[in-house]
Amino acid sequence: MQLNCGIVGLPNVGKSTIFSALTSAPAESANYPFCTIEPNVGIVEVPDKRLGMISELITPQKIIPAVVEFVDIAGLVKGASKGEGLGNKFLGHIRQVGAIIHVVRCFDDDDIVHVNGVVDPASDIEIIGIELALADLETVLKRQENLVKQMKSHDKKISDKAKAADPILKQIANALEEGRPARSVELDKIQKELISDLHLITMKQQLYCCNVNEDGLDSDNEYVKKVKALAQKDDSQVVVISGKLESEIADLDSQEEKNEFLEAAGLEESGLDQLIRTGYDMLGLNTYFTAGEKEVRAWTFPKGCKAPQAAGIIHTDFERGFIKAESYHCTDLFEYKSELKLKEAGKIRLEGKDYQVLDGDVLNFRFNV
Ligand SMILES: Nc1nc2c(ncn2[C@@H]2O[C@H](COP(=O)(O)OP(=O)(O)OP(=O)(O)O)[C@@H](O)[C@H]2O)c(=O)[nH]1
Ligand SMILES: [Mg+2]
């Protein structure tokens, strides 16, 4: 299960500003391209109102949210695959992430250098798309070279696998050569599995994060409209945030102050929260809860997972010795107000090993090892 998102984009578009606000950890952000060289890695709590609502009813000693990791890397420029700018070697830092957040500059500010001299989201997106595709193409070509040897192997297992992978790689190489992402090639589950160890960046789901000025949040500006039109074509999601505003909010000490600030700005939730939740969803993740007097805790599981595997996320013993899961949905708790009342109403179920866990379930595992 991959719990992380990698942030990409041109230099100086606000990647580190957004990363710092996300993680409340200072990452160097400055008005010059290539400010970031070493990758920044940060763990971020996943905002979830249900966790607070459960805790109000159960009143635990500790509350532990789910987390997701973000990786901020150096900016890419046109020609990065040929060594322009800082080159593309640092993309290795995001090969293993589960999903990509592509930050696009959607603000005007003459003081902030744009590497191509003009703010143009469509061209910026195209440049990054091509550079990511070329980086993947390098990986695919290298693998194809190895496959030639493997196809001649006397070990039938190795040669069969290589023969099965070969046509898939050809299709992907064709797409990448045309600047299309690997995810545009239709593959079934088995085919995807055959090439999953390549960790192709353009195979991952991607969302566009439009970085706007603080006054651009109310309505979409022309840049944002362009990004949304492009996203619709390539089936990506879009989140609009103001890196500058978010870093001001992140600097506030208490949640109360943050809420007041948001209200004054006419916002329901911070753009960052939306970004985190969209990223979490894009990674194919859901949340279940464990709730007791000691702690109420959110646990992350892959969508569609069965009860024993969900139990194994807490501890492998829980999966190995899984017997049953006592289970109810958090919305039932919000309605009945206590576990006792849920029990009286017959709302607590005993689920077996085939139970598919739902987002928002509250689970108590019975196991025996
Ligand atoms: N006006 C305005 N400036 C911003 C905004 N977000 C970031 N900036 C400024 O843009 C400059 C670059 O921001 P960074 O976060 O360092 O950009 P980066 O994408 O990480 O850049 P590299 O690491 O060089 O690739 C900084 O001076 C920021 O203060 C914004 O929403 N509005
Ligand atoms: Mg940076």
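Heads up, the Cβ atoms here are built off N, Cα and C, so glycines get one too.
A quick note: this is a predicted structure, and the numbers were derived from the prediction, not measured.
Per TrEMBL, the features are as follows:
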- ASN12, VAL13, GLY14, LYS15, SER16, THR17: ATP binding site (BINDING)
- 3-261: domain 'OBG-type G' (DOMAIN)
- 284-367: domain 'TGS' (DOMAIN)
* Asked: Taking the centroid of the Cβ atoms of ASN12, VAL13, GLY14, LYS15, SER16, THR17 (ATP site), which other same-chain residues have Cβ within 8 Å of it?
  -> GLY9, PRO11, ILE18, SER29, GLY75, VAL103, ARG105, ASN211, GLY243
* Given the model, what does the mean pLDDT over the domain 'TGS' (284-367) come out as? -> 96
* Quick one: of the binding-site residues VAL13, LYS15, SER16, THR17, flag those whose CB is under 6 Å from ligand 2, and say none if nothing qualifies. => LYS15, SER16
* Give the helix, strand or coil assignment DSSP yields for VAL13 (ATP binding site). => coil
* Same-chain residues six or more away whose CB lies under 8 A from the CB of VAL13 (ATP binding site)? -> GLY75, VAL103, VAL104, ARG105, ASP124, ASN211
* Find, among the binding-site residues listed as ASN12, SER16, THR17, the one whose Cβ has the highest number of other Cβ atoms within 10 Å in the structure shown. => SER16
* Per DSSP, what is the residue tally for the domain 'TGS' (284-367) in helix, strand and coil? -> 26 helix, 35 strand, 23 coil
